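Novice: Pulled these features from TrEMBL for this protein:
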- 1-23: signal peptide (SIGNAL)
- 77-102: transmembrane segment (TRANSMEM)
- 123-142: transmembrane segment (TRANSMEM)
- 154-176: transmembrane segment (TRANSMEM)
- 212-236: transmembrane segment (TRANSMEM)
- 248-274: transmembrane segment (TRANSMEM)
Amino acid sequence: MGAKWVLLRVIKIFRSFWYQGCTQKCISKFNCTKSFGTFSWVHGDCFWCRYDCMWETIEQFERQFGMVPQFHGKWPFAAIPLPLGFVIQEPASVVFSLLNLYTVYKMLKRFLKMSELLMKTTWISYACVGLFAWISSSVFHLSDCDLTESMDYFGAYTFVAGGLYVSLVFTSRALLPYFGGRTRILTVLKILCGVFYLKHIRDMTVHFDYGYNMLTCIVYTIITCALYIHYIWFRYRRLGKLEESDILLIRIIIWANLSAALEILDFIPVFWIFDSHSLFHMATIPIPIWWAEFLDITHGYDTNDRKKYNVLKIA
C-alpha cells in the first residue's frame, strides 16, 4: 500500500509539473485566465493550447509510466472544432445528451396529448425539468467550465429530485394503508421533499461538494426505486397478477439501474470518444419514451384514438 501511494504521489507531481508548466505558457502567450474554470479556456487559442498541453502530458505519461492520466477529474477526449472558435469537448456525451433531450421532448408531447392524465401538471413539470437537465448536460459536455458544470449538476440533481417527488405522488395510493388512510402525512412528505431540495441547493451554492451531491442523488434514486417496487408489489397483491404496465415499469427500473451502473466502469475513452459516462447517457435515451408509454397504459388512455380503457385500474 505504501509503495502504491508513493507511486501515485509521484505520478500526480509529475503530471502537475508537466501539465501546469505547459499551460503556464498558454497563459503568457494568449493572455488566458489563471483559473481553468473560466469561459476563456473552453474556446479559441486558450483551449487549443491547453489541449496540446494535455496530449503532450499524455505522451510523457505513456512513455514514463505506461498509463493515461486524467485532467481536472476527467479523461482526455478528442475534441471537434466548431465555427467561431467553439469546440465540442466530449463528442459522444454531447450527441447522447441531445438524443435524451429529444426523447424527453417526445415524452412531454405525449403528456400534453393525454387530456385525462392524472397528475398531468406534475408530469408536465417533471418533463420540463428534464428538458433543462439535458440542455445543461449538452452544454456542459460541449464546453466544460464552472458555469456549465453548475448548470449540469443542478439540472441533474433537480431531475433526480423531481423523479423522487413524482414517484411519491404517483404511488401515494399504495402508501396510504401505512398511514391509516391519512393523506396529511403524504402532504407533509411532499413538503419535506421541497425543503430538502432547497436546502441541498443552498448548501451546494455555499460550497460545491461533489461527493455530497452524488450521495444525495444516489439516496434519492434508491428511495424512488423502492417506492415503485412497493407500488408493483401492492398491485400484484391486489390483482393477483402482473399487468402490462407493471411489467413495463419493472423493465424501466431494471434498465435505469443498469444504466447507472455503467458509471462504475471508469475506463479510458475508446477511440478517445466513448467513456463510461457517455455510455450511461446512451443507455438512458429510451427511458422517457417508456415512461410515456407506461402512463399511457396505466391511466387507460390511448392518445391515438381517444379511447378509454380500465384494464389497469388499481381500485
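The first residue you see is number 1, and the count goes up from there.
Each residue, glycine too, has its Cβ placed from N, Cα and C.
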Novice: Counting only residues 6+ away from its ends, which parts of the chain sit with a Cβ under 8 Å from the transmembrane segment (123-142)?
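Specialist: Long-range Cβ neighbours of the transmembrane segment (123-142): 86-90, 93-94, 97-98, 100-101, 104-105, 107-108, 111-112, 117, 148-149, 151-152, 154-156, 158-159, 162-163, 165-166, 281, 288, 295.
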Novice: Take the transmembrane segment (77-102) and find every residue of the same chain, 6 or more past its ends, with a Cβ under 8 Å from one of its Cβ atoms.
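Specialist: Cβ under 8 Å, 6 or more out: 42-44, 47-48, 51, 131, 134-135, 137-138, 141-144, 269, 271-275, 277-278, 281-282, 284-285, 288.
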